[in-house]
Amino acid sequence: MAAEEAHRLADASATAPPKNAAAVDGVAVAAPAAGGGHGRAPGNKLSLVPLIFLIFFEVAGGPYGAEPAVKSAGPLFALLGFLVFPFIWAVPESLVTAELATAMPGNGGFVLWADRAFGPFAGSLMGTWKYVSGAINGAAFPALCADYVARVAPAVSGGGARVAAIVAFNVAISVLNYTGLSIVGWTAVALGVASLSPFALMFGAALPKIRPRRWRATAADKDWKLFFNTLFWNLNYWDSASTMAGEVERPGRTFPRALLSAVAMTTLGYLLPLLAATGAIDAAPEDWGNGFFADAAGMIAGGWLKYWIEVGAVLSTIGLYSATLSSAAFQLLGMADLGLLPRAFALRAPVFDTPWVGILATAAITLAMSFTSFDTIVASANFLYSLGMLLEFAAFVRLRARLPAMPRPYAVPLRGLPAAAALCAVPSAFLVFVMAIAGWKVYAISAVFTAAGVAVYYLMDLCKARGWLTFSAAAADRGGSGGDAMMYRRQGSTASEVV
């Protein structure tokens, strides 16, 4: 209740704003310096094209991993799934992300939104759920890259060579992230073009061979749990790039355009290869194991395209891990700015201005997890992500109700709370369905991580009270009448100069 009262008092604050300040819902918020928040020049910020590809790699990175949808239900349902699911899941999540990221363009993204809507406890718990989910999923990419490399260099399949490959992959991507988000973004553009181009060629080569009757095939024994989990796994994390909103050039315009473009590119990136491979060759659904796209390309155009798609898979894992590492590091930075984590996580590299502590911590965690077998933990990560998304949708509706006058450079074109709630209802129902079909091990592991998140929140409060760790100056005054105003000023959470 104290946190809620602090939010109410901050929103009701009528103190005179300083020069060059804007009033947002009664809170005096300083206008960011030229070029955006955090005092960086425009050249160091993310522009439209790099942001599109970073979102693309946060979500998909190409059609790799879509094969189980065909295996579990057959071509017909796989095509319908990747055609329909973006409209009931990707579009609502992207619209919510676009509105909240432009209304509050500070680093931390969804943590900031939950904190603003429900208070610091909700923000901290959201941070735990989303960070654990992202770190666990990110840990799969170094090992996956080593698996792909082992296809052309069998020595990497095990032993010291595999360990060395995983460590080298992790270190190389960490160094890339250290050199700056703009470099990471343009690297993502190059990786995206290189990993998607063989599928464009495969689609062109398949056109004369496509027989539409093949698209009507279904699997004899359908595994709906695998089918829906595959759709969900391949089309989530649209909000991950929001943790870097403070680094985006003119986010009021850039974020909505980037999200729309990324949704279109990702959807076509799944549908066109599926249309080509399922329509051009006669393959039973049970043949569609992981990596079958490369085999299909070989059947359609020859071994050269199969090899190119396998190389593209390696490039895709590089982009996936790099984007995941970036969003996780900036999430930690945003949580430190909010006072939910020690100030050390907000430290930036002196030359490149990157959150080096967050990069180092996330890289160390993912590296340790890269050597473990954690299928159940990955399922638990998806469960935690679902919890976070339910809280995110609730924050969206709550902020619409509580702060209707808050400037929103992009607002979802729906009037009234019932319409806003309806937008979130269908994806929320799907989240509940995905959580309901999880097993008891997933529930148990998720409960442990949630309990750990609660413990972290109260431990940080204890460290703050006892002075054991150093927190941001804004966090120190959070309980006062001006505490929240300071907090959101520090985060740059104003729409006054973001369009």
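Using N, Cα and C of the backbone, Cβ positions are placed for all residues, glycine too.
The transmembrane segment annotation in TrEMBL covers 48-66 (among others).
Among the features that TrEMBL reports, transmembrane segment is placed at 72-91 (among others).
The transmembrane segment annotation in TrEMBL covers 160-178 (among others). Same-chain residues lying 6+ beyond the ends of the transmembrane segment (160-178) with a Cβ under 8 Å from its Cβ atoms: 141-143, 145-146, 149-150, 184, 187, 318, 321-322, 325-326, 329, 349, 352, 354, 356, 359-360, 363, 366-367, 370-371.
Here TrEMBL flags 184-207 (among others) as transmembrane segment.
Panel annotation: around the transmembrane segment (258-281), residues 48, 51-53, 55-56, 59-60, 62-63, 66, 70, 75, 78-79, 82-83, 86, 90-91, 94-95, 97-98, 196, 199-200, 202-203, 205-207, 209-212, 214-215, 217, 234-235, 238, 241, 292-293, 296-297, 299-300 of the same chain, lying at least six beyond its termini, place a Cβ under 8 Å from a Cβ of the stretch. Under the heading transmembrane segment, TrEMBL lists 258-281 (among others).
Residues 53-54, 57-58, 61-62, 64, 107-109, 131, 134-135, 137-138, 141-142, 144-145, 148-149, 151-152, 169, 173-174, 176-177, 181, 184, 187-188, 191-192, 194-199, 201-202, 240-241, 243-244, 246-247, 291, 293-294, 297, 354-355, 358-359, 361-363, 366 of the same chain, all 6+ positions outside the transmembrane segment (307-330), place their C-beta atoms under 8 angstroms from a C-beta of that stretch. Annotated transmembrane segment per TrEMBL: 307-330 (among others), in sequence order.
The transmembrane segment annotation in TrEMBL covers 351-371 (among others). Tertiary proximity for the transmembrane segment (351-371) is limited to same-chain residues at least six positions away from its ends with a CB under 8 Å from its CB atoms, namely 40, 44, 135-136, 138-143, 163, 166-167, 170-171, 173-174, 177-181, 321, 325, 328-333, 344-345.
For the transmembrane segment (377-397), the residues of the chain that approach it from at least six positions outside its boundaries are 93, 96, 99-100, 110, 113-114, 116-118, 122, 125-126, 128-130, 132-134, 136-137, 140, 229, 232-233, 236-237, 239, 417, 420-421, 424, 427-428, 431-432, 434-435, 438-439, 441-443, 445-446, 449-450, judged by C-beta separation under 8 angstroms. Residues or ranges marked as transmembrane segment by TrEMBL: 377-397 (among others).
Summarising the annotation, TrEMBL assigns transmembrane segment to 417-437 (among others).
Residues annotated as transmembrane segment in TrEMBL: 443-460 (among others).
Through the fold, the transmembrane segment (72-91) approaches residues 59, 66, 214-219, 222-224, 226-227, 230-232, 234-236, 238, 263, 266-267, 270-271, 274-275, 278-279, 285, 426-427, 430 of its own chain, all at least 6 residues removed from its boundaries and within a Cβ separation under 8 Å. Among 184-207, 417-437, 443-460, 184-207 has the largest number of CB pairs under 8 A with the transmembrane segment (48-66).
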